[in-house]
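Asker: Take this structure first; my questions come after.
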Amino acid sequence: MKKTQTWIITCIYLQLLLFNPLVHSQGICRNRVTDDVKDVTKLVANLPKDYMITLKYVPGMDVLPSHCWISEMVEQLSVSLTDLLDKFSNISEGLSNYSIIDKLVKIVDDLVECMEEHSFENVKKSSKSPEPRQFTPEKFFGIFNKSIDAFKDLEIVASTMSECVISSTSSPEKDSRVSVTKPFMLPPVAASSLRNDSSSSNRKASNSIEDSSLQWAAVALPAFFSLVIGFAFGALYWKKKQPNLTRTVENRQINEEDNEISMLQEKEREFQEV
C-alpha cells in the first residue's frame with residue numbers, strides 16, 4: 001500500500017514539473033517586478049501635487065502594442081527616476097521618499113537588463129524620438145504603473161514582422177476654433193481602396209491571432225499528452241500491483257483462520273487432558 005501511495009505522489013510531482021513551463025510561459029520579465037511597486041501610492045502622496053517630473057515620453061504608448069514602446073520607455077523611466085533620486089537627501093526627512101525611489105530604480109534597472117536579454121528583433125520602430133515632457137507625480141507614476149503592468153504579460157513577439165509605426169493619417173487634436181464643416185465624401189475609387197486596406201489589416205490581425213494560438217497550442221499540447229501518459233503509467237502500475245495486493249490479503253486471512261483453528265485445537269487438547 002505504501003509503494004502505491006509513493007507512486008501516486010511521484011506521478012503528481014511529475015505532472016507539476018511538466019506543467020511548470022506552461023505556467024511560466026507568460027511574462028518574460030515578470031519575476032523582475034517585486035512588491036516594492038506598491039509603495040508608489042505612498043510616494044505620490046508624499047510629493048507635492050504641482051511638482052513636475054521630466055520624462056522623455058515615447059510616442060504611441062497609448063495606441064501601439066506594449067512590445068513597441070516598452071523597451072525604450074523603461075530606459076527613459078530609469079533616467080527620470082535616477083534624476084529624481086538625486087534630488088532627495090539620503091538622510092532625515094527625505095529618507096522615506098529616497099528609499100522608495102531607490103527601490104523603484106533598482107526594479108527599472110532590472111527590467112532594462114531583462115529587455116537587453118530578450119530583444120525584439122522583428123519590430124519596425126517608429127522614426128519619432130521620445131519627447132521631453134513635464135508630468136505631475138500622479139501622471140508620471142501612472143505611466144510607470146502602466147509600464148510595470150505591461151511587463152507582467154509581456155511575451156516575445158512572433159517571428160512575423162510586427163509594425164510599430166504610428167499612422168501618419170491619424171487625426172490631430174481638435175482645435176476649438178475650427179468650424180464645423182460638411183462631411184467629406186470620398187470618390188468610389190478611394191472608398192474601394194480604403195476598404196481593401198481595411199480588409200488587409202483585418203487579415204494581418206487574424207494572422208497574428210492565429211500565430212499566438214499556434215504558440216499556445218505548441219506549449220499546451222505536449223503538457224497535455226505528458227499528463228495523459230503519466231496517468232496511463234500510473235493506472236498500469238496500479239493494475240499490475242492490484243493482484244499482488246489481493247493475494248496478500250487472502251494469505252493474511254488464511255493465516256488468521258489457521259491460527260484460530262490451531263488455538264481451538266490446543267484448547268480442546270487441554271480440556272481433554274483435564
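In case you wondered, yes, glycine gets a Cβ from its N, Cα and C as well.
In case it's useful when we look at the structure, here is the feature table from Swiss-Prot:
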type	residues	note
SIGNAL	1-25	signal peptide
MOD_RES	GLN26	pyrrolidone carboxylic acid
TOPO_DOM	26-215	topological domain 'Extracellular'
DISULFID	CYS29-CYS114	disulfide bond
DISULFID	CYS68-CYS164	disulfide bond
CARBOHYD	ASN90	N-linked glycosylation site
CARBOHYD	ASN97	N-linked glycosylation site
CARBOHYD	ASN145	N-linked glycosylation site
CARBOHYD	ASN196	N-linked glycosylation site
TRANSMEM	216-238	transmembrane segment
TOPO_DOM	239-274	topological domain 'Cytoplasmic'
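Could you tell me the structural context for the features on the list?
Answerer: Cβ-based neighbour count (10 Å, all protein chains) for CYS114 (disulfide bond) stands at 19.
Around CYS68 (disulfide bond), a 10 Å sphere centred on its CB holds 24 further CB atoms from the protein chains shown.
Cβ neighbours of ASN97 (N-linked glycosylation site) (same chain, under 8 Å, six or more residues apart in sequence): LEU43, ASN46, LEU47, PHE88. Under the three-state DSSP scheme, ASN97 (N-linked glycosylation site) falls in the helix class.
Around ASN145 (N-linked glycosylation site), the C-beta neighbours below 8 angstroms that are at least 6 residues distant in the chain are VAL37, VAL40.
Here the topological domain 'Cytoplasmic' (239-274) returns a mean pLDDT of 78 for the predicted model.
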